[in-house]
Each structure stands twice: as C-alpha cells, then as structure tokens.
Amino acid sequence: MASLYLNSLLPLPPSHPQKLLEPSSSSLLSTSNGNELALKPIVINGDPPTFVSAPARRIVAVGDLHGDLGKARDALQLAGVLSSDGRDQWVGQDTVLVQVGDILDRGDDEIAILSLLRSLDDQAKANGGAVFQVNGNHETMNVEGDFRYVDARAFDECTDFLDYLEDYAQDWDKAFRNWIFESRQWKEDRRSSQTYWDQWNVVKRQKGVIARSVLLRPGGRLACELSRHGVILRVNNWLFCHGGLLPHHVAYGIERINREVSTWMRSPTNYEDSPQMPFIATRGYDSVVWSRLYSRETSELEDYQIEQVNKILHDTLEAVGAKAMVVGHTPQLSGVNCEYGCGIWRVDVGMSSGVLDSRPEVLEIRGDKARVIRSNRDRLHELQVADYI
C-alpha cells in the first residue's frame, strides 16, 4: 500500500521563500565549444534548507566526523575544499559540500568542527559555493540530553566555550565563527593547567555537564545553531540524510519533518506548549536519523530481503525526484560504497579516532555520476579515485 501511495506522489515545489546564493564573477562554466558561461545561482528552498538547486556544481559528501578535528580537516582537504596551510580557508571555489551528520560525540573538538563548517560556508558563498549539513542521531540525542557517548574532553570544550562567549559580550555569531581559530589556544591553556587529579574532580566534571546542557538543551545557543540544519536535504537530484529516508517519511512530508525538528531544537522546554521531540525523525529504528535499512551488508540478507529493500529505496527516490540517496550512520569497513544499483551510497567510514580511526574517504558527485576519493594507503598526499556510474 505504501508503494502505491508513493507512486502517486509528486515532488511539489516547497512553500518557503527562496534564497539565492550568487556565484562570484569568476565562477564560469566551460562549454563544449570552448565558450564560458556564468554559473547560475544556487537556489535554496525551505527553512531549514530542504531543496537546493545548484546548477553545474560539483558536490562533495563527507560522512560522520564525531569530534575529530584532525580527521575532519583531512577529509575536507581530500575533498579539495580546505586549504592545507593551516589557515582553514575555503579553496573549493563553487563546490557544494554536504556533511551528513554525527559531528557530536566520541571526540573532543565538536564545537570547533561546527565552527569550521560555518566559517567555510561563509567563504564558500562568496565564491558561488555552499556548505550544508544534516543532523544525525548524535545531534538529536544531545539536544534531548542524552550524553552517554560524550568524550570527557568534549565537556571541557563546552566549559571553555561558555567562558569564551563572555569575551564576545554574548555576540553569538561572531564568537561561533571565530571559535575554530581560538579553540586550539584554549585547549592548550587547559592542558597546561591540568593536574593528574583533575580527571577525578567531580565538581569540574559537573561543571562540564552543566555547560553542555546549557548549550545543547532545546533553545540553547548550540541547539539553535543545529536547528539551522534539517535532517533531510535534496541537492539537485541527490538526496542526503543520516540514516535513511523511508516511504512513511515521504508521506508525512520532508519539509514538515525538517521544520518540526528545527522548531523542537530551538524552542525552550519550560513552557506547557513546548514542541515535543519529533518521533518520526529522531526516535526508533525506522526514523530518519536511526534507520540502518540501506546500510546492512547485502551478503547478510536473503534474496527476497534484498528485493524488498531495493523496492523501498527506489519507491522513495521516485517519490522525491531523486537519483540516489547518500547516508552515513553505519561505518563501512570496506570504505565508501554503493548498493542497489548505486541507488544508495554509504559514506560513513568511521574516520574518527573515537570510532574506527580509519583513513578519510569522500564522495564526489558531478551531474549524475559519482566517484569515491580516497588517500593512497601508503602515501597520504597521493589520491586514489574509484569511478562509479
């Protein structure tokens, strides 16, 4: 029944006003006859962004980062969008970068990574590009107050960041953008002042938990920052989400899901009419951020199960007008890969030192074609490319 209903759906134009990102004057597209044409602007629909038209842009997808700033930089440099001189400059020109969630937990530089992506987005827009994020299950868990997977040093970063905000007279935007350039010094200062007994300091740890709660509870400054991003994003005819989009999500409404998650994140919970955590997006094995339906190894499935998953995937893609879906969430021991006729791409390689500590890999998309970019196993500065149709 779900597939019949899905086949009757059309990807209707979003109702939200459009935002235009104008390419820089130097952004030119070379045609087959040697002429150069100016790129069309990027058009964003939805709040948070849900549907993006990025004509003739190169798209790069990066998987789960889990608080590892070093690996995040490696991945972004591998993607060709981050400078390698330590200045954290955007060098991707008009590239569109999409990070598919799970920046939080398991590492100690979470806010620094979020700050880096915001800084790169500002720089990218000036060059006709853009940076997008979708929230993962670890973002929604933290806004819910579930800190089970937080690295002890990440609590310290939250404490430092709250103290740092005082230097900016609570000017959030300026402080947040600059944290990537300041966080290293704060981290070094903290390390130099620590003693062996600090790890057993209950008061210090409690202070970190309180700082994290202040920042990430619904309505908190960092929760509001996360609310700028949805859990589902379509760029051209490519769909991005953390766990996986399913037929009942499409029937419920993609924009509606994004809007409800965003509203929940930015709304304080101390009111009777405060919005509840959107279950369809954030809770349960079949929610947008938790689903692993498309990420299981097909070798573990029976033929009839593979057929079922394949039908669910392609019905979903047809309903939203997408060629393929890109997901994170489940580390892929074989690296970035595709299944079901390359209708699904799995880009979480467990690169964070808090997960598998594997070498970064990224997915590059040009038009309807995608390829995996990975570093050479022996020499990091050499790149290997695996092409897919």
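A Cβ is built for glycine as well, from the same backbone N, Cα and C atoms used for every other residue.
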Binding-site annotation, Swiss-Prot, Mn(2+) 2: partner of ASP102, HIS242, HIS314 in ASN137, ASN142, ASN270: ASN137
Cβ-based neighbourhood (8 Å from the centroid) of the Mn(2+) 1 site, residues ASP64, HIS66, ASP102 excluded: GLY63, LEU65, GLY67, GLY101, ILE103, LEU104, ASP105, ARG106, GLY136, HIS138, GLY328, ASP348, SER352, VAL355
Length of the line joining the Cα atoms of ASP102 (Mn(2+) 1 binding site) and HIS138 (active site, proton donor), in Å: 5
HIS66 (Mn(2+) 1 binding site): tally of other CB atoms within 10 A of its CB: 27
HIS314 (Mn(2+) 2 binding site) versus recorded positions ASP64, HIS66, HIS138 - nearest by Cα: ASP64
Candidate nearest HIS66 (Mn(2+) 1 binding site) in space, where candidates are the recorded positions ASN137, HIS138, HIS242 and distance is Cα-Cα: HIS138
Residue among recorded positions HIS138, HIS242, HIS314 with least C-beta crowding, 10 angstrom cut-off: HIS314
Local Cβ density at ASP64 (Mn(2+) 1 binding site) - other Cβ atoms counted within 10 Å: 27
